[in-house]
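TrEMBL lists 66, 113 with the feature active site. Look at TrEMBL and you will find 25, 31, 68, 111, 113 tagged as Mn(2+) binding site. The Mg(2+) binding site feature in TrEMBL is assigned to 86. What TrEMBL lists as domain 'Nudix hydrolase' is 29-161.
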């Protein structure tokens with residue numbers, strides 16, 4: 001894993017400093033993150049299967065992409081950057097909600113993040129970066145919910161945490177998008 005710094009924050013998302021990404025996950029320190037849920041025009045969610053050699057959760061299925069803003073990078077820019085780096089896609093993204101979570105991972109690392117969640121819609125097919133993702137698929141939200149209930153071990157912990165709220169938030173996102 002390349003040396004990358006994350007932005008340490010307090011509970012109100014105020015920056016406290018920087019730390020190397022792996023060390024922040026080893027120590028379980030709260031840091032800023034971005035999460036993208038991208039849908040096709042039919043309302044199906046684009047899922048990715050994380051590359052096997054990721055530093056955590058390799059081979060598990062998750063939302064479209066995730067990442068961390070670089071120091072002095074806005075969350076919206078980081079979300080667009082990660083969408084392009086991981087999935088080869090560019091499209092408009094809308095900030096939808098923010099949440100904080102602390103999830104211990106199977107390899108001893110801790111995801112303690114203040115996550116900024118973005119939604120977008122694109123008809124384009126992804127061009128996966130093989131160092132980030134090894135497969136993708138589009139599924140309806142009811143199908144994703146059913147699969148996570150049947151086989152939760154196949155999915156990342158943060159995806160399992162956020163997914164139950166996504167259908168209602170996506171309906172609201174579409175309503176606001178169509179009204180605007």
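Here the Cβ of each residue, glycine as well, is placed from N, Cα and C on the backbone.
Shown for the domain 'Nudix hydrolase' (29-161): DSSP residue counts in helix, strand and coil, namely 31 helix, 51 strand, 51 coil. The predicted model assigns the domain 'Nudix hydrolase' (29-161) a mean pLDDT of 96. Nearest Cα neighbour of residue 113 (active site) among the listed binding-site residues (25, 31, 68): 31. Counting only the Cα atoms, the space from residue 31 (Mn(2+) binding site) to residue 66 (active site) is about 13 angstrom. The recorded positions recorded for this entry are 25, 66, 68, 111, and the Cα of 66 lies nearest to that of residue 86 (Mg(2+) binding site). Figure note: comparing Cβ neighbours within 10 Å for the binding-site residues 25, 31, 68, the maximum is reached by 31. Between the CA atoms of residue 66 (active site) and residue 25 (Mn(2+) binding site) there is a gap of 15 Å, rounded to the nearest whole number.
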